[in-house]
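Participant: Pasting a structure below so you can have a look.
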Ligand code: NAD
């Protein structure tokens, strides 16, 4: 029995930088169940990387569209292009975040106005902006899933301005869920455990965080991007039809520990 029922559904996946990206873990599973996956990328260089990871997926239904979440024009162009081509968007995976390196390395108190605003714009407001652009095409109801991290609610050394951006992202998830719920659009966030990706390289304390999870989490190990992708599939599918506005932890249970 096909419990997920994502076959032939049009799902936008934002944030594949390479084969280690959390978004790629999700995209692979979506392709395997027969969804049409529309990838978005920020720069030409990332487009090449997506095309490279898709080399083994020529038989599948994929598309690649440019979308820089710092630009309203780029977002509008991307979703108009997707909307005109596909008519309906059934799901959206927002797996995008960025902060200036110095704002992760310096003391938090040294965060600049520009650095703070840039992290918020890229990592939190972008969810609102893409929900707004995708909404006209979400006429059959839809599921939006974003990626967050425990640093939104706890202080994690070196996560700094990104923790503040994730707090805003989680609040935005709840407000969007409320605002869009009557239209049948669900909005949830997955709070993923630490996974070695390009973005994680920017967090100076990343190795320490990995060790702490191994030591202290109930499962005594780190999670894989496969496990995050599995939960994302559930959140995109009708299996989670009664769930919206939630932060779902896929972190070996680390968040419950004192
Ligand atoms: P990643 O570097 O593979 O993905 C981040 C993506 O954001 C990249 O594809 C990058 O191109 C994209 N991006 C950045 N600025 C953009 C912009 N202006 N426009 C469009 N795209 C832009 O790293 P990842 O770890 O897969 O990160 C994906 C998400 O998961 C992020 O939100 C991250 O904070 C979150 N997350 C990661 C971890 C972890 O340990 N890796 C844990 C919890 C949450």
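Positions of Cβ are set from backbone N, Cα and C atoms, glycine also.
Bear in mind that the values here come from a model prediction, so they are computed numbers and not experimental data.
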Participant: The NAD(+) site in TrEMBL lists 21, 22, 68, 69, 96, 166, 195, 196, 197, 198, 199. Which one of 15, 158 belongs there according to the record?
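Facilitator: For NAD(+), TrEMBL names 21, 22, 68, 69, 96, 166, 195, 196, 197, 198, 199; of 15, 158, the listed one is 15.
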Participant: Using DSSP, would you call residue 15 (NAD(+) binding site) helix, strand or coil?
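Facilitator: Looking at the DSSP assignment, residue 15 (NAD(+) binding site) belongs to neither helix nor strand, so coil.
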Participant: Measuring Cβ to any atom of ligand 1 with a strict under-6 Å cutoff, which of the recorded positions 99, 159, 166, 196 qualify?
Facilitator: none
Participant: In sequence order, what residues of the same chain, 6+ apart, have a Cβ less than 8 Å from the Cβ of residue 198 (NAD(+) binding site)?
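Facilitator: Set apart from residue 198 (NAD(+) binding site) by at least 6 residues yet with Cβ under 8 Å, we have 17, 18, 20, 21.
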Participant: CB neighbours of residue 166 (NAD(+) binding site) within 10 A?
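Facilitator: So the number of other Cβ atoms within 10 Å of residue 166 (NAD(+) binding site) is 26.
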Participant: Compare the Cα of residue 166 (NAD(+) binding site) against each of the recorded positions 99, 149, 159 and report the nearest.
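Facilitator: Checked the recorded positions 99, 149, 159; minimum Cα distance to residue 166 (NAD(+) binding site) goes to 149.
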